[in-house]
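Participant: One structure is given below, represented as structure tokens, and several questions about it will come after.
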């Protein structure tokens, strides 16, 4: 039987290493690649312009790549639960494919889509490709619980073995005859104006969205084999004029870059050479990402203090004046204010800078809840950096990582380092 297929792009905004897309092409007579512009997050007040600009760029890049394969990207406006029944009927769909998503909002959304697909006789295929491993298997191998320490997490994944190798992009031959002429303006890429954002208010576009930009940046860094082998995250600088890390995390978050592709490119460079090790190496950074995805899936209410079984109850202050000063970069501490200004303008800051502003807000100085900081950073950051499991937004919000560290484990409140602003400030000069 040949199928009329929808491939639903969500976070996996790429052609390379996209097993769900390849599954759609098997026995396929018509392919409809879609992205659903869900008003649930399109109307969210805490989605900043930098993040929207990155997404629009990624969608444009994906559409260009599909055009080279004689296809197009269909951007469908509406809630998935509303648009799918209409698309199933209009396009006579018999198969739906998409990338597995383990986050709470996505799980709830996908459960409803699965129900609708069953009602309309549509086969559904889900494939794992946003993470290195099957998160559910990691939890299963750890006796049904998320590992609570990085060391334990490493032990578990070692028993599973290395991640699967990435898959190739679909070819023009594979796509031949499977495309449709029904694309029209109503399925076009959205503009910032359509999303209610004024392009004039955006800062410089330092990190353009898209698969091609992601692969270009990956190639650029992989050429520096010595740097890759000696990379240790704590030794990178938040004060460098250009980023001292890869800044590939936004591309991983939106799926413009496959994490498995990144992993195996590193394997090729490490082979036969002396190199740094997790948790500080580049492999270590990818495992940190995996660790937090696993924690977010396996720990209930991971994005909040209440109802979180591993989070210490802290009697935080609720000083709105201090919170506003922190948010608006007017604390009077030059190092903190400079970081918050960079965050607002560029949508990215170094991880040590994230530590500094998070520590300043929470246990270091202001004693304000990390949940309040999370709300602020979710608006300021253009994209989710490294730790991407916390908040249930379609375009996920970042967590205040250093603050999270102090509340997830009782002993961390005593043992975690507090960022010294004087020393940090001196290092900034």
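The first residue you see is number 1, and the count goes up from there.
Cβ atoms here come from the backbone N, Cα and C positions, even for glycine.
For reference, TrEMBL lists these features for the protein:
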type: DOMAIN; residues: 3-132; note: domain 'Photolyase/cryptochrome alpha/beta'
type: BINDING; residues: 245, 246, 247, 248, 249, 285, 286, 287, 288, 289, 290, 291, 292; note: FAD binding site
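Please situate the listed features within the shown structure.
Facilitator: For the domain 'Photolyase/cryptochrome alpha/beta' (3-132), the DSSP-based tally of helix, strand and coil residues reads 58 helix, 31 strand, 41 coil.
Residue 290 (FAD binding site) carries a helical DSSP state (H, G or I).
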Participant: Here are the binding-site residues: 247, 286. Which has the lowest count of other Cβ atoms within 10 Å?
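Facilitator: It is 247 that, of the binding-site residues 247, 286, has the fewest other Cβ atoms within 10 Å.
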Participant: What does DSSP say about residue 249 (FAD binding site): helix, strand or coil?
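Facilitator: Going by the DSSP assignment, residue 249 (FAD binding site) falls within a helical segment, counted as helix.
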Participant: Compile a sequence-ordered list of residues in the same chain as residue 245 (FAD binding site), six or more apart from it, whose Cβ lies below 8 A from its Cβ; state 'none' when nothing qualifies.
Facilitator: 233, 236, 350, 351
